[in-house]
Structure formats: structure tokens, C-alpha cells
Amino acid sequence: DYSHLADPQVWIHGAVQIFFSLGIGYGCIISFGSFGKKSANFVRDASGVALTNCGTSILAGCVVFPVLGFLAAELHETDPCIAGDSLESLKSIGLSGTGLAFVAFPIAISQMPGSFFFAILFFFMMLILGIDSQFAYIEAVATVLCDAGVGDRLPRWALSGLICLVSYLIGILFVTNAGVYFLELFDNYISIYVMFAVGALECIGLMWTRRGQTWEHFQSLCLENTGLHLGWIWKASWGYICPTLCVLLVVVSITPPFAKADVMDARSSKPFPEGAGCVAQCFEEQPEKRSQEAVSQWEEEVKESKYYKELVQLPATKKISPSPKDWKCEKSGDTQNLWLNLSDGYIGGGRRHWDGSGGSNGALEHFEEEKAKGNFFPLVVKLGTITPDGADVYSYAPDEDNLVKDPLLAQHLEHWGIDVMKMEKTDKTLAEMQVDLNLNYDWSRICESGDKPLVRVRGPGLVGLKNLGQSCYMNSSVQLLLGLPEVKQRYMDADFKIRKSAPSDLQNDLIGQVAKLADGLNGSRYAPPLKEGEDEEDPKHVIAPQMFRTLIGRGHHEFSSSRQQDAAEFVQYFLEQLTRAERSALGSRLSGDRPSTSMFSFSVEERLQESTGSRRVKYSRVQQNMLGIPVKLEDADNLEEVLAFKASKEKDESDAKKLKTEGVEEPKPLIQLSKCLARLAAPEEGIQFRGTSASKTSGALFHRDRGLGARTILVKELGERCDLESLGFGGSNLQSACNALVP
């Protein structure tokens with residue numbers, strides 16, 4: 001495609017390649033040339049080096065582009081978003097720059113015959129190239145220092161060693177967490193703008209300094225030592241053409257629309273936090289930072305309170321001291337877990353938990369006492385969490401009863417004499433306390449009623465997943481799916497065959513990640529026999545699917561976040577991603593010829609019939625993998641009890657002084673599954689169909705393959721019995737539910 005020759009970026013990258021490979025502007029060639037004999041034909045030597053270098057680049061192009069084309073075609077089969085006839089989409093997955101040498105070529109080599117041998121040769125070549133480049137750059141610096149007289153007091157080997165040591169210390173920057181960004185920074189700015197400018201200055205220095213005497217002296221030395229006269233061609237090239245082209249490349253490299261000075265999009269990127277250096281982050285991870293990361297994993301979305309704008313604040317007859325030593329609960333005298341009521345300035349203890357732990361309940365009881373008097377003071381702020389960035393604000397209002405945001409918090413606190421700009425955090429936030437509870441609380445205490453001790457069990461299929469912060473929707477879904485016999489048979493990977501055949505890094509291979517999870521959940525590695533006195537919290541027996549969560553959530557706005565999600569949506573998304581990943585793996589890495597999602601496939605059939613006239617009928621069928629059933633309150637067995645409680649509660653909300661439902665547990669609607677399925681299959685009248693009224697009847701056609709043949713259940717107006725037990729689902733309720741689908 002010769003149209004790319006009109007793209008200025010192609011020429012810029014070509015010039016960068018020549019400058020970098022030949023060492024133009026770095027001083028390498030000049031340093032090596034200084035060791036030659038005066039009588040040597042330097043024109044022949046320089047021309048030979050340039051031609052050899054360009055020939056090597058052409059040879060490398062003949063190797064690189066076929067490899068990239070092969071990878072594009074291969075990746076297109078597994079991901080249709082990657083174009084099979086274009087290399088542009090490869091940049092989006094890192095197969096450019098450093099990724100070319102350390103990702104693209106290793107993938108290609110791994111698929112060659114004798115890949116182990118060629119891999120050794122390839123990385124040995126990379127090592128030799130790196131050492132060769134270091135020879136050139138170290139020699140260039142050493143030669144300049146010696147010629148300037150700086151290194152006269154040191155032997156040449158000591159000077160070279162000192163340069164290597166300084167270079168090594170500077171190079172540590174490139175192996176920190178931010179190393180790749182510094183590499184891109186140096187590569188983009190030093191290799192492009194600076195080298196073009198240095199090349200132009202070298203030509204100007206040779207041709208135009210000292211009123212042209214430098215050029216004349218250089219001509220005479222060349223004639224004297226080599227017998228070669230440098231004529232007008234060399235003068236025009238070094239004096240006009242080369243510096244003009246170098247300056248033009250600099251201008252084009254930073255001028256829109258050809259390019260931009262902000263090559264790395266620094267202005268639009270997110271800066272590093274103030275005071276958080278990348279080197280410090282690499283060598284030491286502060287406990288406070290780890291705590292913040294843990295909180296961010298569990299933190300839920302906090303909404304603005306509806307009461308902050310019109311919050312009543314009584315006249316400030318007292319000022320709240322900014323010192324934590326002066327704070328105490330006005331009811332119990334407690335000095336910990338204190339909350340300030342923003343309406344009347346009352347300081348009370350935090351909420352008392354169900355097991356008696358927590359605070360004195362002073363703040364909540366004060367709110368209820370004031371509410372009984374006809375005052376509504378819902379917002380409280382936790383003392384000790386107030387900082388310039390905000391604080392924990394809680395709303396006791398019955399329709400909120402949760403953490404909320406108060407955009408006017410600084411103004412509300414100023415009313416009581418508290419300047420948020422001078423406050424420092426001295427107590428844990430509710431989010432931090434919740435993290436401590438989730439990580440340290442013995443949940444087995446509430447698993448069974450009474451004093452009966454819990455019986456610990458462990459074994460294949462009884463392994464749990466660690467909650468990584470609001471990831472219970474993912475854990476429960478994955479445990480259910482990977483526990484199915486068909487999935488276990490396909491993905492159990494005790495011999496690591498599936499993982500070893502991953503086409504790329506295992507962390508980016510969904511098939512490998514699913515196999516790793518399936519093997520961990522259903523194998524014996526994390527489920528050895530229980531031993532007396534063994535630590536049940538031993539990390540060796542816990543699966544933390546962080547790598548799987550990162551991979552499956554990549555590119556998805558919701559599932560890549562730490563917020564709680566809908567499990568049904570995640571199952572749909574996971575099955576879609578798994579189907580895409582299995583396209584190229586079935587029959588090679590995985591057994592079988594049908595995707596795993598085919599186990600859940602069924603058809604929903606709708607029957608529309610005209611209510612009048614010729615009573616024509618239309619059937620339509622839609623493929624689905626999840627059956628949504630209608631759940632209506634009017635189908636509840638205890639409907640009268642539920643409606644009576646709601647009516648009483650609405651009456652209480654209108655009369656705050658008389659609370660009949662306070663402390664009374666709201667009854668839960670009891671709806672039988674049979675009624676939900678009966679409603680799903682019940683005819684709907686009044687549906688508009690081809691300009692007339694019609695009735696609609698829905699049914700489902702289930703297919704499930706257990707490897708012994710497809711089992712089919714037809715659920716529609718056929719009068720047949722639906723046996724879900726044959727599909728692994730038991731229970732008389734389900735049996736009667738399926739019977740209800742049949743008219």
C-alpha cells in the first residue's frame with residue numbers, strides 16, 4: 001500500500017531508525033573512527049557501514065512483517081475485532097515497540113519446529129545486540145571525556161567502569177513500576193527531537209563555524225591523509241541538504257496535523273499522586289496505601305442525601321472543640337466512635353451492633369427522641385474522620401438509613417465552630433471498619449443457631465473463593481458454572497496441558513484462567529485432608545482469583561470496577577467471552593466440538609393468534625440461555641399480610657409521632673415457583689398483531705447435552721409432563737411448577 005508513503009509519520013520513523021541504528025548524533029561512529037589510521041579511506045569505511053546497516057534493516061523487515069502478518073491472521077480467528085489484513089490493530093494489544101521483541105517474536109518462535117532451539121538463539125541475539133550497543137555508547141562518552149581532559153587522571157578501564165556504574169544507577173529507574181513509562185519518555189523525546197537537532201548542529205558546526213575555516217581545514221586534512229578531495233557535492237550535502245532535512249524533521253515531528261509535541265498524551269493523562277514517587281512505590285508499599293486499596297475494593301457508591309439542602313441547624317449556643325481529647329458521648333461518656341448531629345450539635349456514641357459490640361447507640365437514640373418531639377435532625381458526622389477531603393456522614397432518615405454525601409458539610413460544620421481545613425483524621429471510617437470486619441470476623445459464629453459446633457469439611461468441589469471486594473457476584477457464578485460435570489470434564493487441567501498450550505501469556509488467556517480455576521476448585525491442591533489443629537485460614541487453602549477477575553473485567557466499565565454487580569448480567573457476559581475464546585480452542589486445546597454455552601441454550605417460542613376473524617396463528621422462536629420468569633406480588637400466598645403491613649407503614653410515615661410498625665419485621669412475600677411459571681405460560685389477551693387484537697402464549701424449548709445424547713423438553717400447549725429431575729433439578733415444587741406450564 002504505497003499510500004502510506006504520503007504519511008509524514010512514516011518518514012519520521014524511518015529517519016529515527018537510521019539515526020538510532022547508525023548512531024548519528026550519539027557520537028559512536030566518530031569515536032570508533034578516531035581509532036583508525038590517518039591514511040585509512042574513511043569515506044569507504046563510512047559508506048560500507050551505512051550500506052551494511054541499511055541492508056540489515058531491509059533483511060529485518062523481511063522477517064518482521066511476515067511474523068506480524070501471521071499473528072494478525074491468527075489473532076483474527078480468536079478475536080474478530082483484530083483485523084486480519086492490517087497491522088494497525090496489533091498496536092492496541094501491545095505488539096509494537098518493545099512488545100515486538102518481547103511478545104510478538106516469542107509467540108511466533110513458539111510455533112516453529114524446534115522452537116526451543118530457536119528461542120535460545122533469539123534471546124542470545126538480543127543479549128549480544130544489547131552488549132554491542134553498550135560498547136558503542138560507553139566508548140562515545142569515554143572518548144569525549146578523555147579528549148576534554150576530564151579522564152586524564154584515571155586509567156581508561158577505570159573511567160569506563162565509572163561510566164558503567166553511573167549508567168547502571170540511572171538505569172534502575174527503568175525497572176521500577178513506572179519503568180516502561182520512563183522508557184517511552186526517553187524513546188520518544190531523546191530519540192526523535194534531540195537527535196535531529198544534534199545532527200543539524202553537527203553539520204552546521206563543520207560547515208559554518210569560524211567563517212568556513214573549519215570546513216577548509218577538514219578538506220585539507222582529508223586530502224593530505226587520504227588523497228581524496230571533498231568537492232561541492234559534500235559541501236552541498238553537509239552544508240545545506242542535511243541540516244535542512246534535520247530541522248524539517250524536528251518541525252514536522254511537533255507540528256499538527258503531522259504530529260504533536262505531546263507524544264505521550266501527558267496533558268490528558270492522570271498524574272502521579274503528589275509525594276508518591278515511582279521509585280519509592282517500587283521499593284516500599286506504605287501500609288496506609290494498602291489500607292486505601294482495600295477500602296476501595298469494598299467501598300460502595302454513596303449518594304447525596306436529600307435533606308442536606310434544607311437541613312435545620314439550631315442557633316449555635318456552643319462550639320465543638322477541634323481536639324479529640326474534648327469529645328465524649330453526652331449520654332454515656334464514651335470517647336470512641338462519636339457522631340456529631342449537624343442540626344443541634346449533640347455528640348453521641350455510634351450504633352450498637354446486634355451482638356452488643358459497637359458504640360453506645362447515643363446518637364441514634366437522640367435522633368429518635370427528637371423525632372418523637374416532632375424534630376427531624378437526620379444527618380450526623382463521625383468525629384475523627386473529618387478532613388479537608390470530607391468525612392463520614394450518616395443519615396438516620398427511614399428512607400435513607402445509610403452513609404450519604406453532604407456537599408455543604410464544610411458549611412454545616414463551620415456553624416459549630418469546626419474548620420475542616422484544620423482537621424486531621426484520627427479515627428477509622430465506616431468503610432475501613434467494614435474491611436476489618438470482613439477480613440477478621442469469624443463468620444462461622446452465625447452459620448448455625450444454638451451451641452452446636454460447626455463441622456468443618458474440605459475436599460475437591462468444596463473449595464471457596466476469596467472475596468476480593470464486592471466480588472461475591474463473580475465468585476458465586478463461577479463456582480456454580482465450574483462445578484457442572486460437563487465443564488469439569490472439559491477444563492480440569494491436572495497435567496497443565498491446557499495452560500501449557502496457551503498462545504500468549506497465561507494472564508491474558510481466558511481458556512487458561514478458566515482451566516486454572518476449575519482445577520483449583522475441583523482438584524485436591526487446595527483441599528487436602530483436614531488435620532487436627534491445622535490453621536483454617538492458611539493462604540495455601542484459599543483461592544484468590546485476582547488474575548481471572550482482572551482479565552474477565554478488562555474493557556468492561558462495570559465488571560472492571562469494585563462495585564457490586566448483577567450476577568445474571570455477569571453470567572451472560574462470561575458465557576459470551578468464553579464462547580469467543582473457545583472458537584479456536586475446541587478440538588485442539590479443549591475436548592469436544594461444541595462450546596460450553598450450548599449446555600444452557602434453549603428456545604423461547606411465542607404463539608400469537610388473532611382473537612377474531614380468520615384467527616390466524618404466528619409462531620416465533622428466539623434462542624436464549626437464561627429464562628426470565630415474572631414474579632408478581634399478587635401471586636404471594638401471604639398477600640393480605642404483606643399489604644396490611646405496607647398500609648400500616650405508610651400511615652406511620654404520615655404520622656411520625658405514632659409508630660406502629662417500628663421494630664416489627666416486615667413480612668416477606670411467599671411466592672411459589674409454580675405460580676411464576678404458570679404466569680409465564682399463561683395467555684395474554686389484547687396483544688396488537690397485524691392491526692388486530694390477538695392472544696399471546698409463550699413456552700420454552702430446552703436442550704441440554706450431557707455427552708449421552710440431547711435431552712429435550714418441550715414446554716408449550718402440548719399437554720406433556722416436564723421432568724426437570726432428568727436434567728439434574730429435583731424437588732416436588734419444581735415438578736408441580738413444570739406441570740403448571742401445561743394448559
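Any Cβ shown, glycine's included, is placed from N, Cα and C.
Automatic, uncurated: that is what TrEMBL annotation is.
Taken verbatim from TrEMBL:
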| type | residues | note |
| --- | --- | --- |
| TRANSMEM | 12-36 | transmembrane segment |
| TRANSMEM | 48-72 | transmembrane segment |
| TRANSMEM | 116-137 | transmembrane segment |
| TRANSMEM | 157-183 | transmembrane segment |
| TRANSMEM | 190-208 | transmembrane segment |
| TRANSMEM | 238-259 | transmembrane segment |
| DOMAIN | 303-420 | domain 'UBP-type' |
| DOMAIN | 463-743 | domain 'USP' |
Quiz item: Among 48-72, 157-183, 190-208, which stretch has the highest count of C-beta pairs below 8 Å with the transmembrane segment (12-36)?
Solution: 190-208
Quiz item: When the domain 'UBP-type' (303-420) is classified with DSSP, how many of its residues are helical, how many are strand and how many are coil?
Solution: 21 helix, 24 strand, 73 coil
Quiz item: Over the domain 'USP' (463-743), what is the model's mean pLDDT?
Solution: 73
